[in-house]
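One structure is given here, and the rest of the page talks about it.
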């Protein structure tokens, strides 16, 4: 009875020991410190942008109030710099703290829907041909939407994840982001022009500022604003070009998977880095920094979360026959290392061929959502021209339904027709892939012995089922077996191209025992040529038939004459005269094909066996 309280007290003492409490508190403080560090790293770009722009505005204002030999550096210069600074920071703040738009409701069930759900268009699908669905968000992804692993949500019309904004650039903040790039680029060039002009004039005139080490802020502003202006202007110009074409950064860079193996190599590198035992293992902090940059453009620099990764070892086509073959053959399943040489060559050849077709098609297809420069810019900036310079969301559309490019639809239909015509030509040539929907059943005649033709089923009436072949063919094939040609062994080229070696157009297929194509020699005018060998062979056959018919007629005439003379008993061995044997000429009543009369000496040597055989022919005769 005393053991239980003692055990409880000892357990509580062990749990409340100073060492366990200190360890628990240490882990809690470590997790808090880690969260604070991550928050600081996340919002450090914001602090950097605000501080840099504020410092540049301060230097510009001080430069405009300082006496200088540059005449245009006055109060107007300071006013322009301050206006650009305010507009740039306004756009930056709006782009950072405005949601880019998501496919899911951020408020859950706290609010009831006030409008009908939008109708989503689906011009783009996954690599396997299915509708785009995000497994992370458990929601359907419309066109131009992608899942961001950093923001942990699907973003409508996602352009990219900007680390300098600590958020994604999407449908609702794309306009503010583009205005921020424009205002910041102009602000950098204005600051560079003012600070560089002031520094140049002071150095060339050799004024007192050179002797007293002129203000360092002016020199730093000229260098920093020049460098940032060059880089940011190029970036801004590229985004303006994409906006005029109606493209996003992801849509522009996604074409690299057709034009070069860049996308495949990046995905393979990402898989190796995140798979134990493959690739070069990076330190944890190094891998986190690398993931930050790879998360910028999901689907291009890394596999997009929420979607199945494309298989690297199997062809990326949407053929159902390949999927069924991989299910039935474990050697062809993804991740298996049991590949034969022929299978690997076949897979690589198909992959190269499909990549080549995709590359050719990508060069022919225009952008699916390019409606022209005016309409693309109106979609981004809105119809109200007074609100274009300000970071107010005036973008047209809800991000779910998109109007396609008519040229893209026309090109897509044309390429689809060309692909179908190519497949038809390949099938007609005999080496193209077979179409499961267009397979026509071919009747192969087989011979069945008469004693094995039993009706199926039990007792009762059984009716003859109608046959699909003509009556003449049924009669001709009912008593003679059909000839089945031997199948050829597929060659290496046949296995690579996926064709059947027994389906060539220049072969002679046998159907119902006859060739479906008459193989004869033709003249240039299209007439049939007569070959001398064929004529000679035909003459020999005719002579043979003639002699056989003549001998048969003579034999029939002699038989009729003997029947008249012997009163129909020329083949009987009755009596002692042995007339039947004399007439027959050989034992057993076998006739000679040349002459029915043989020497009499052979007739008197008959045996009992011959008599029995002859006696069997005398049934029913008195």
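Including glycine, each Cβ sits where the backbone N, Cα and C put it.
As the structure is a computational prediction, the values presented were derived from the model and not from experiment.
What Swiss-Prot records for this protein:
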- 1-38: topological domain 'Cytoplasmic' (TOPO_DOM)
- 39-59: transmembrane segment (TRANSMEM)
- 60-76: topological domain 'Vacuolar' (TOPO_DOM)
- 77-97: transmembrane segment (TRANSMEM)
- 98-175: topological domain 'Cytoplasmic' (TOPO_DOM)
- 132-182: domain 'DHHC' (DOMAIN)
- 176-196: transmembrane segment (TRANSMEM)
- 197-217: topological domain 'Vacuolar' (TOPO_DOM)
- 218-238: transmembrane segment (TRANSMEM)
- 239-622: topological domain 'Cytoplasmic' (TOPO_DOM)
- 298-334: region 'Disordered' (REGION)
- 302-311: compositional bias 'Basic and acidic residues' (COMPBIAS)
- 313-330: compositional bias 'Polar residues' (COMPBIAS)
- 419-428: compositional bias 'Basic and acidic residues' (COMPBIAS)
- 419-507: region 'Disordered' (REGION)
- 443-455: compositional bias 'Polar residues' (COMPBIAS)
- 466-488: compositional bias 'Low complexity' (COMPBIAS)
- 533-547: compositional bias 'Acidic residues' (COMPBIAS)
- 533-622: region 'Disordered' (REGION)
- 610-622: compositional bias 'Basic and acidic residues' (COMPBIAS)
Handout entry: Average pLDDT across the topological domain 'Cytoplasmic' (239-622), rounded to a whole number
Key = 60
Fill in the blank from the handout: Under 8 Å Cβ-Cβ from the topological domain 'Vacuolar' (60-76), and at least six residues away from its ends along the same chain, one finds 82, 190-191, 194-195, 197-198, 201-202, 205, 217-218, 221
Completion exercise
For the domain 'DHHC' (132-182), the DSSP residue counts stand at 9 helix, 16 strand, 26 coil
Handout entry: Secondary structure composition of the compositional bias 'Basic and acidic residues' (419-428) [DSSP: H/G/I, E/B, coil]
Key = 10 helix, 0 strand, 0 coil
Fill in the blank from the handout: Across the topological domain 'Vacuolar' (60-76), DSSP yields 8 helix, 0 strand, 9 coil
